[in-house]
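First comes the structure, then the notes that go with it.
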Amino acid sequence: MRLLLCLLLFSTLLINSTNACPGVITQACFCSEVHSGIVLDCSNSSASGILQIIRTNQAQVGLIQSLTMNQAELVELPPNFFSGLFIRRLDLSQNKIKKIDDAAFAGINPVLEEVVLNHNLIEKVPAAALAGLPNLLRLDLSNNSIVEIQEQEIFPNLNKLYDINLGSNKIFSIHTSTFQNVKNSIQTINLGHNNMTAVPSSAIRGLKQLQSLHLHKNRIEQLDALNFLNLPVLNLLNLAGNQIHELNRQAFLNVPSLRYLYLSGNKITKLTAYQFQTFEQLEMLDLTNNEIGAIPANSLSGLKQLRQLYLAHNKISNISSNAFTNSSIVVLVLSSNELKTLTAGIISGLPNLQQVSFRDNQIKTINRNAFYDAASLVMLDLAKNQLTEIAPTTFLAQLNLLLVDLSENKLPKTPYSAFNSRVGTVLLKENPLVCTENLHMLQQGTGVYVRDSPDIICGRKPTPKPEPVLVPIVTDSLISTQRPALVQIPKMQIHRNVHTTTGDQAPQIPSGAFQQIDLGKSRSLPRGHSRFILDKPSTREQSVEPTEELTPIQPIILPSREDEIRQSSMEAGTSQESVEATSQKIPSTTDIIDRPNVVLPFPVPFLKRGPNLSESKKVESTDMPSTSQVFHTLPPSILIEPGSTPKVAQPSTEANIKSEHIDEFALASSNSNEPTLQPRLEKSFFTTTIIFICVGTAVIVLVVVIAGLCISKHRQLQFENTYSDSSAARTSEYISTQYRQNSLRGTGGRVGRFEESPAWIYNPGSSYCNYYK
């Protein structure tokens, strides 16, 4: 029989590979192809008609990985309702099913692994109907109308069933033998959101494979002795949202693997010393929203595996100094309590502590040694308290401190001295900081001045700064390659209140002649550019009469450096006539007078009268040989070639020119004192050769080293591969064997479901216990 079923399944899979979703089915359902079958969603359609179409096209459909029929007008499940179909997951949620026949699942028993029947009107557990599903792994009966589980409704012998969800029903009583037939396979039981007033200890006792037990949102008032007995692998117990007043230390016996314990939303009033000492593997303890008034000494000590402790929304007003001794807590939440002071050593004995929250308490003072032992602290929340000051060096030992929240306190000034130089962020919003307190950034524990940032104190408007005025700069690229004309500074005329008012016109006040230039943007100018810094002195403006008009500045001839070189080279090889034609008439002194009342552009050459030079004389060339006499009228750096004194034309008497002609001298073409060009070229060539040789040698050495490393790595990999072939084959065979075994048992993906530790969270939130949505 099994061989026939396997052949039928194999043939249907072959046909399915050619045409997975027939057109008739796609018209009524949403069909998608997966790795080993199809997924059908036939919601909002008649279930009877859909199943008839699937049976007709069973040869083409093959294995159905998931069949969903939500809101499919189902009221009951008649006998053989799914016969002839190969379905692995059946979802019949959100219908109005009240009755399930004992033979409703007949015909699909070989492959059915999961049945979802939540959000229906089922009043009893369909134990007889489930008895024909030996391969069932998961059963969801949540959000129904089950009131109690009687003896005839206990779960049948299902050796692979590991997940039962009975949450959100009306269960108040469970028979002792409810889970007796599945005690060797059951791993998760959800009985949350029911009406139980006591822990069903007799029903869950001795479940050796039970890992997660959810009893949240019931009416349990107390934990009696031996409530949780012989649960060796239980790692999650959820008792949140009940009415528990006191924790009995004898309630947990032989529960060594408990890692997550949820006790939030109860009415626990006190904790005793060493109350949780038996939980050697406890990693997370949630006591949020209880009525705990104090944490006595050693009540939470000795928990070497505890990482997260939540004590928010209680009435804690006192914490003993040794309450957390020898614990490895990383996240500690004590927000929304009644603490008024943080004494010295309040969180001592916590070397791994990283996150602490004292938000929304009544803290007024903090002892400077309160956090001395918490050297690994990273985040501290002290918001919504009544702090008026923080003593210096309070957080000096916390070198890893990144965030301190001091919002909504009563701090009149910034407590800079309380932190070390490595603090990352300090939040100070909603504090009554005094008006003289300048807030600024911190860098290495000191204030950082931000350039161009205005200081706003007591709501005073910041002083406006003058906007920079850009002065156009003439670059060399704008100068023509031809011999330019005279380059002169533009004339500048500054009028002071010279505008007269006529009629109703108001007098126009001229703006300042010069503004300061933003030097920060002009520091990267090329060396050859000119940069003018123009200032607006207010004292000078007041000294000028209203009707005075300043004399315009005379143009100044500023020949460029190229013109001077070109002119000197031309003068050396031209005749006397060309010298006369190209000579220029330059006044002996500048016309600019040192007048402090005149606003001039800066810099201006010869702002003051220059030094007096030696008197120059004219030299006339004669036919008689004579010794040339050198007059030192030029700087010593300019040499005059001997015997090449040019002749300068005599001034004409008819022209009646009052200006003087300055004699021009040809520059020396060569000198014995100057070094020749050949040694310089040889020295430059020698230096360049040395540089090229060094660079080439370095490149060759680098290439050889890289090649050697590549060859060594290749040989190492080749050597390792010679020994890894056999081990890789054995590993692949082992993985394949485990996969086949898990496929037969169906529990491979469930073993580690609750082994993963949840991510550390700063605040659990309001819906942290809604494990089943």
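The backbone N, Cα and C atoms fix where each Cβ goes, glycine too.
Residues annotated as repeat 'LRR 3' in Swiss-Prot, with sequence analysis given as evidence: 109-132. Here the repeat 'LRR 3' (109-132) has long-range neighbours at 5, 63, 77, 86-98, 100-103, 138-147, 149, 152-158, 165, 746, meaning same-chain residues at least 6 beyond its ends whose C-beta is under 8 angstroms from one of its own.
Counting residue by residue with DSSP, the repeat 'LRR 11' (303-326) contains 0 helix, 5 strand, 19 coil. Marked as repeat 'LRR 11' by Swiss-Prot: 303-326.
The repeat 'LRR 13' feature in Swiss-Prot is assigned to 350-373; the stated evidence is sequence analysis. Residues 312, 324, 327-344, 379-388, 390-395, 397-398, 405, 760, 762-763 of the same chain, all 6+ positions outside the repeat 'LRR 13' (350-373), place their C-beta atoms under 8 angstroms from a C-beta of that stretch.
Sequence-distant neighbours of the repeat 'LRR 14' (375-397) (same chain, 6+ residues past either end, Cβ-Cβ under 8 Å): 335, 351-368, 403-413, 415, 417-420, 423, 427, 762. Sequence annotations record features per position, and here Swiss-Prot assigns repeat 'LRR 14' to 375-397 based on sequence analysis.
If you look up Swiss-Prot, you'll see 1-20 marked as signal peptide, on the strength of sequence analysis.
The topological domain 'Extracellular' annotation in Swiss-Prot covers 21-689.
Residues or ranges marked as topological domain 'Cytoplasmic' by Swiss-Prot: 711-773.
Looking just at the topological domain 'Extracellular' (21-689), the mean pLDDT is 76. Across the repeat 'LRR 3' (109-132), DSSP assigns 4 helix, 3 strand, 17 coil. For the repeat 'LRR 13' (350-373), DSSP puts the residue distribution at 0 helix, 5 strand, 19 coil.
For the repeat 'LRR 14' (375-397), the DSSP counts in helix, strand and coil order read 0 helix, 4 strand, 19 coil.
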